[in-house]
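Student: Can you keep this structure in mind? I'll have questions shortly.
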């Protein structure tokens, strides 16, 4: 019955697998139909544009609301200015901003017609900038900065951040360099294994007029994949008039906080500072514990006992080679031909381990091993007690901070009038695209959908299959092969265990054994007849023995009753002479009855024997 149930279970599993495969086949057919319909629509539209592998028709994104700056790099590179200056405090051979820029399509997951700005040079300084359509003034509108980056060759050491340059009368983009004043710096940066997402703004001190850089705290998420997967990622910075900020990658928040509380160093300095003129008194005692001055070293404390002593119970191992050195000169070594003994001294062959020592417990002079000295106590020290004169840890007194100020709205930053890329990289082909600066999140999201959204769609369609991804992962992490094998072997093993026909037991064989008549020979028929006759004779002999035994028991019972009645009559009347003779006759009759019963038994036995014979 159990095997019957397992057979049904296996059959059900096969049916479910077949149905699932059929559904997947139908879905594939549906997908093919959708692609065909899409192709027909594209043909009917008669759009004279290149198409991707997904038949995606690219159209240059257009802003749907008020913007301060946009750039798609799909047309002529107008408005962008290459820097002609040099980086200060740098060697002259690398100080010049001579890194090369190109406008081209992506190397992988290309969307035909969609081009971007690409950093092409390695180990060179790059600087390029453009003026905003109109300056952004930090008043009552949010600031949204968004652009795309693709590290097409990965990234070893370099950045892909942008700078929003501060408005000034002397701003000249041809002289844009690392010390050009900026208001905000935002974007990815990586060197070694340090993966960063910068958000830095320059805050003006209202008392001194000087600018200080304020850095946002590091995001809590792992940023590594965004630098190594060679995909186009969307970076977004949102600054709000309520002095809060958000940083997003691919439209997911990776960090957020307050300009007043989550910047390092803080925007506002502390109200009080330590008095720089305050000094710790000479008698200030900061020790919480001191040695007990009343403690005395015990008389039996021996400080001269060593911590280790020779193990007197140790015995030299059997087979120890006392006369063999641990190292011997290499017999195969030869003196170099250019060896000059006058200059280099006498040549000696290099030492190698003695091969005889490899099979022995050891070689050379045997020395007893050391063990811990049970009598060792070390140098005596007085126990520590609480310091009665402890005054705590000294710290300078607090005084009002002469440089204190309070800026309750750090969002009100310096006006921005230009955007620039000032970068150094040890990896080429860093791709930038679809810059936008605006105040409305809906405008930025629509801009992203028309640009980055298509790149994401094409990249997803060109993703390798599951099998290829597993093989690629195993090439990077070979231990995954073991996991793959175990994962495949487990269902196969379970299938064999539960679905394979089990060995049939004797009971199953007897239960399923068909009643098939076989031909019987004459010899077999005669043998069966003799066996039946023997069985009948044995049954008859057994029945006769049982019958004789029952008759004998009945006769003995009758005899006992007769004797009992005779004795009873003799007690009721005294015997006379005639009765005495009669009594003797009775005894003789009893004896005859007993003899008769014996003869009957004998005759029955002899009769049974005759029948058997």
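Quick reminder: no glycine exception, Cβ is built from N, Cα and C everywhere.
In TrEMBL, annotation is done automatically, which means it is predicted and not curated.
Feature list, courtesy of TrEMBL:
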COMPBIAS  271-290  compositional bias 'Basic and acidic residues'
COMPBIAS  306-316  compositional bias 'Basic and acidic residues'
COMPBIAS  539-571  compositional bias 'Basic and acidic residues'
COMPBIAS  575-593  compositional bias 'Acidic residues'
DISULFID  157-191  disulfide bond
REGION    260-340  region 'Disordered'
REGION    522-613  region 'Disordered'
SIGNAL    1-21  signal peptide
TRANSMEM  479-500  transmembrane segment
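Just tell me what is around each of these and how deep it sits.
Tutor: Helix, strand and coil counts from DSSP across the compositional bias 'Basic and acidic residues' (271-290) read 0 helix, 5 strand, 15 coil.
Tertiary neighbourhood of the compositional bias 'Basic and acidic residues' (306-316): same-chain residues 366, 368-373, 376, 378, selected by CB-CB distance under 8 Å and a gap of 6+ residues from either end.
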Student: Within the same chain, where does the compositional bias 'Basic and acidic residues' (271-290) have neighbours whose Cβ lies under 8 angstroms from its own Cβ atoms, ignoring anything closer than 6 residues to its ends? I mean 6 or more beyond.
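Tutor: For the compositional bias 'Basic and acidic residues' (271-290), the far contacts come to 384-387, 389-401, 404.
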Student: Including all protein chains displayed, how many Cβ atoms other than that of residue 191 (disulfide bond) lie within 10 Å of its Cβ?
Tutor: 15
Student: Count the other Cβ atoms sitting within 10 Å of the Cβ of residue 157 (disulfide bond), across every protein chain shown.
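Tutor: Result for residue 157 (disulfide bond): 14 neighbouring Cβ atoms inside 10 Å.
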Student: So how many of the residues in the compositional bias 'Basic and acidic residues' (306-316) end up helix, strand or coil by DSSP?
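Tutor: Counting residues per DSSP class in the compositional bias 'Basic and acidic residues' (306-316), I get 0 helix, 3 strand, 8 coil.
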Student: Write out how many residues of the region 'Disordered' (260-340) are helix, how many strand and how many coil, based on DSSP.
Tutor: 0 helix, 15 strand, 66 coil
